[in-house]
Every structure is written in C-alpha cells, then in structure tokens.
Amino acid sequence: MSYKLEKEAFVSNLTGSSSIETCGLLLIGIACNVLWVNMTARNILPKGNLGFLVEFFIFCLIPLFVIYVSSKVGVFTLCIASFLPSFVLHVISPINWDVLRRKPGCCLTKKNENTFDRRIAGVTFYRSQMMLVTVTCILAVDFTLFPRRYAKVETWGTSLMDLGVGSFMFSSGTVAGRKNDIKKPNAFKNVLWNSFILLILGFARMFLTKSINYQEHVSEYGMHWNFFFTLGFMALGVFFFRRSLKKVSYFNLATFITLLHHCLLVLTPFQKWALSAPRTNILAQNREGIASLPGYIAIYFYGMYTGSVVLADRPLMYTRAESWKRFQRLLFPLCILLVLYLVSNFLSVGVSRRLANTPYVANVAFINMFFLTIYILIDAYLFPSSVPYGSRVPKLLEDANNNGLLVFLIANVLTGVVNLSFDTLHSSNAKGLTIMTMYLFIICYMAHWLAQHGIRFRL
C-alpha cells in the first residue's frame, strides 16, 4: 500500500465516540477559562511576551495534552484535574479586582458611554476556543497520538471533529445574528462577493490538492467538494431563506429547514443516493457535500438565533442579571433541540455528519448553544460588571476571534506543509507533540501579528 493510501485508510471507517465524552472534552476549555480568570483576578498573569506564552500554554497546550492522554486516562478524570489549579488558587490567594478596574476606559461615564466596549467576553471565549480546538484537530488527526475515536466518523456516529465542523458554522452564525442587513440595497451584491471569495478558496484548495496528489478522504465531502465550497454555497442559501421568509424567526427557520431536509432524506431516495450512488457524474462525485448543505444552513440559522438573543440590545454594563436573562430565553430552544435529538434516537435515525441530518444538526446546535451560555454565565459571575472587556479576555483569544477565517486558512496551509514535510503516520508521540506545539504557536503568533498590524478579514 502506498503512503498516500495508508494515510487515507488511517482516517477512514472510524466510528467515533459519544456526545457525553465530547462534552467532557469541551469542559477542559471551561477549565482553562476559569484558570485564566483566577490568575487574572489575582494579578499573577505576566505581561508582554511572557504573558503571551502563558496564555499559549493555558489555551493551546493544555487541551492538546488532554487530547493526547485521554487515550490512557478517563476524560472526566482529566476534567476534575483541570479544575484543580483554579481551586487551589481560590483557596490560597485573595482576589484583587482593583488593578483591573484602574485600567483606562473601564469606568462608565456620560463622556464615554457611546464608545464604551459592549462586546461580551463569554462570546469571545467560546468562539476563539472552538476555533483553537478545530485547528488543533485538523493536524493532530494525522498523528497516531490523536485518539481515533475523536476523528471524523465514516457515516454514522459522532466525534469531537464531527462537532468541530458544525461548530464552525454555528459560531459564524452567532455573530451574524446581531445584523439585520438583508434589506440593504447592496445586500445581494455583498453576499455574492463573499460567496465568490469562498468558492475561489475552494477551487484553489481543490486544484492544489489534486496537483500534488495530496491524501483525500473522498467520503467526507466528495471527490472535488471541500469545506470552502460548503461555506460559499451556504452563504447563498442563507440569503435566499432570509429574503424569502423575512418574518420567520431564525430558530423556526432553522427547524423548518432541518425537518424539510429530514423528510427529503427519509421519504425519498435522496439518502440512498447520498451514501451509495456510483460517482458517474459531477453531482454524484460530490454527493456528500451537496446532501449535507441544508443541514449546515440550519446550523448557521441556529447560530444566528443564538446571536440575536445574546448580542442584541446589549446594555452598557453586562451584569449577572443580564446574562441570566439571556440564558432563560435560550432554555426553551435548548429543550426543543434536545427533544429533536432524543426523538431521532428513538426512531433509530443515526447521527451523520456526512448527511448533516436532523440528529447531527440538533446535537451540534444544542452543544454549542449550551456551552456558549455557560461561557457567558461564567464571565458574568466571575468578573464584576465594572471590569472592562479588555481585562476580561486573553489577548491570544481576542486575536484568534478577530480573524477566525484567516486563522482557519493559515491552519489549513500549515497542515498541508506539515503533511508534505513529515511522515506524520510513523512519527513518535514526542515528535508529534513537538510539531503540534510549533504549529499551534505559529498560528497564534500569526493571529497576534495580524492584530498588531490592524489586519482583519471578515466575510
């Protein structure tokens, strides 16, 4: 077997893990968040380059290490261990908020109320940590140090990486939910331009991978399709539904698309075609990408709904009461998503990222909506409302959040470079961890460099 086929086989025919274990892994991100807050509250976090390295250790290396050792130690044991440093700090050291309150711009006055930073730290934590988990996994999966149960499943089941794909869509929708630019005269032109850029990226990736004979997992999206094509066509689909059904809420719209897609899969030969049709024409060659598109559009709308609840009508001071009010508004949608998932299981409809079917959409939307609210509540309950946004968010995470698409692009390019330069399949765990550390450091440094130079790329 050639090395290319060996690498393709390494990520094929996998069955995944459980949603419970995946949530356990995501709790590690919460633990890292709490640790950073505890260090910040006690003014023991270094400044400058050393501070950047400490944040890199907390938010990149701890999750990487947890993923690696989780094949030997239970995930929930690791969760408990991850919260221990914060507990120790809480016991032995007092909190000092005065240093953070004294930072310039932290006090709300009539003079600065129009420019007071209304960004919500919990949203930044959620979006940036989801992005860092995603970019960690896309390279780590090519090393043997990455447990196979966290890699993308072949057809039925779920895993950490399966969640990561949907989470990218949900996270993108979250920040789009606060906007209401559908009525603007140039709205369609903007959507076309954004889609064009994403499709160009998709074609560039396709031609590059074909020209260098790069390994491909065909059953993931198809022979030519890739994630950038999904993003490009999704933007057009979202615009079409928003323009056609203006008065329907984002949540109802997402549920309608999910159920319509489910009926199409179950009541017609569409599911059979998507999973087993001979690849005799351009559509059949890319059947997975086409079949999963409605599901990803639905996930995006669920993200938009969540963003419209969390980010709309923000007060000048985001208090505990405001956070709790947002959480209460999301309780009913969370219950609906949970029911959708449980009913799907009861009817023996398997979770499938390959199809982006109802249980997959419900699972992704529920987990993301739930963890986003947890991040927001943690921020509100651990920080006094008088502490400014700039003191509530690590610079590393803010930089990653501000340039999410560029960070994702850089990660894709670096993943290709590493795979072409190293025999990842036969690398020792020590070598794999070293390469992963350098890879993550370059990504974080590039995000920091882009922020320092005011470069921000948004679609």
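Each residue, glycine too, has its Cβ placed from N, Cα and C.
Taken from Swiss-Prot, the feature N-linked glycosylation site covers Asn13, and the record attributes it to sequence analysis. If you look up Swiss-Prot, you'll see 20-40, 50-70, 73-93, 120-140, 156-176, 188-208, 221-241, 290-310, 331-351, 364-384, 405-425, 432-452 (among others) marked as transmembrane segment.
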The transmembrane segment (364-384) in contact with the transmembrane segment (50-70), cutoff 8 A, at least 3 CB pairs, sep 6+: no
Best-contacting stretch, by C-beta pairs under 8 Å, relative to the transmembrane segment (20-40) and drawn from 156-176, 221-241, 290-310, 331-351, 432-452: 156-176
Close approaches to the transmembrane segment (73-93) from elsewhere in its chain (Cβ under 8 angstroms; 6 or more beyond its ends): 21, 24-25, 27-28, 31-32, 34-35, 37-39, 42, 44, 62, 66
For the transmembrane segment (120-140): best-contacting stretch of 188-208, 221-241, 331-351, 405-425, by Cβ pairs under 8 Å: 405-425
Range from 221-241, 290-310, 331-351, 405-425 with the greatest count of C-beta pairs under 8 A to the transmembrane segment (432-452): 405-425
Other parts of the chain folded back onto the transmembrane segment (50-70), taken as Cβ under 8 Å at six or more residues beyond its ends: 25, 28-29, 32, 35-36, 39, 78, 82, 128-129, 132-133, 136-137, 140, 145-147, 150, 160, 394-397, 429, 433, 436-437, 440-441, 444, 448
Region pair the transmembrane segment (290-310) / the transmembrane segment (156-176), three or more CB pairs under 8 Å: yes
Cβ-Cβ distance under 8 Å to Asn13 (N-linked glycosylation site), same chain, at least six residues away: Glu154
For the transmembrane segment (331-351), distant same-chain residues with Cβ under 8 A (at least six beyond the ends): 155-158, 162, 251, 255, 258, 262, 266, 302, 305-306, 357-363, 365-366, 369-370
Beyond the flanks of the transmembrane segment (221-241) by at least 6 residues, Cβ under 8 Å: 165, 169, 182, 187-188, 191-192, 194-199, 201-202, 205-206, 253, 257, 279, 282, 285-290, 292-294, 296-297, 300-301, 459
Tertiary contacts of the transmembrane segment (405-425) (same chain, 6+ residues out, Cβ under 8 Å): 3, 6-7, 10, 131, 134-135, 138-139, 142-144, 168, 201, 205, 208-209, 212, 214-215, 431-432, 435, 439, 442-443, 446-447, 450, 455, 457-459
